[in-house]
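Annotated transmembrane segment per Swiss-Prot: 41-61, 89-109, 133-153, 158-178, 202-224, 269-289, in sequence order.
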């Protein structure tokens, strides 16, 4: 069992934290906004750990669902499940255990948060199969990756206001943007095996679609900033996020594999500076209030 532990870590992508960060930033945005910049530390710990666990569970389920496809894709052919180093039942068991631990984590929280967690579990578990039927599965991924937003508001306020759903919509656009960049890396392989992705659906308009999704995401965050009366610190973070999006254009415009993958990974910075702007606004507002 211990000898297989490194394989299990690879299965759940512990060696590749970018996916966890892409889930974490919008969740932190929601926690900070819902609590006016003062989230309780136990609640913060629950959401951070829960995000890491559910992302890991999602990776295990994704590899299980795609095990017959991944062996035909250059980037994924050597994954533990695809290469036969672990069995399919092990991946499912790991996903179930991680999801169960995540559910235990939220037991101290209110009923609404627990109810939303059931929806989140269904969306996360069903996402890997959307690539067979849905032309833009990245939009469904945005719901799965962003469901921590309504859950955060529910945990803090015991309600889910319209603002939370607007933030979720922003996350859907952002997910389509960065996961289309990711799909552009595997475009040739996906054509051969018949997987549906946004990169194939958008076709020659893929770069334009990515940039429009960035524009929609950041446009929604303009509305959020204006509606909540955010100050200069927030807008500095927002401007830095715009700069990240423009930098991504320089990476993806020629549709080359490695630059597209670099653009995908760089979205960690886009999410990070946007959160930094939100956190800095509340920090400075609290300091000014004192």
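Cβ from N, Cα, C; glycine included.
Using a cut-off of 8 Å between Cβ atoms, the transmembrane segment (89-109) and the transmembrane segment (133-153) share fewer than three residue pairs, counting only pairs 6 or more apart in sequence. Remote same-chain partners of the transmembrane segment (269-289), defined as residues 6 or more beyond its termini with a Cβ less than 8 Å from a stretch Cβ, comprise 21-22, 24-26, 28-29, 32-33, 36-38, 174, 221, 230-231, 233-238, 240-241, 244-245, 248. Here the transmembrane segment (158-178) has Cβ contacts under 8 Å with residues 22, 26, 29-30, 33-34, 110, 112, 116, 136, 138-139, 141-143, 145-147, 149-150, 152, 198, 209-211, 213-214, 216-217, 220-221, 223-224, 227, 245, 248, 263-264, 267, 270-271 of the same chain, all six or more residues outside its ends. Panel annotation: around the transmembrane segment (133-153), residues 22-23, 26-27, 29-31, 34, 47, 50-51, 58, 113, 116-117, 119-120, 123-124, 126-127, 159-161, 163-165, 167-168, 171-176, 179-180, 183, 196-198, 201 of the same chain, lying at least six beyond its termini, place a Cβ under 8 Å from a Cβ of the stretch.
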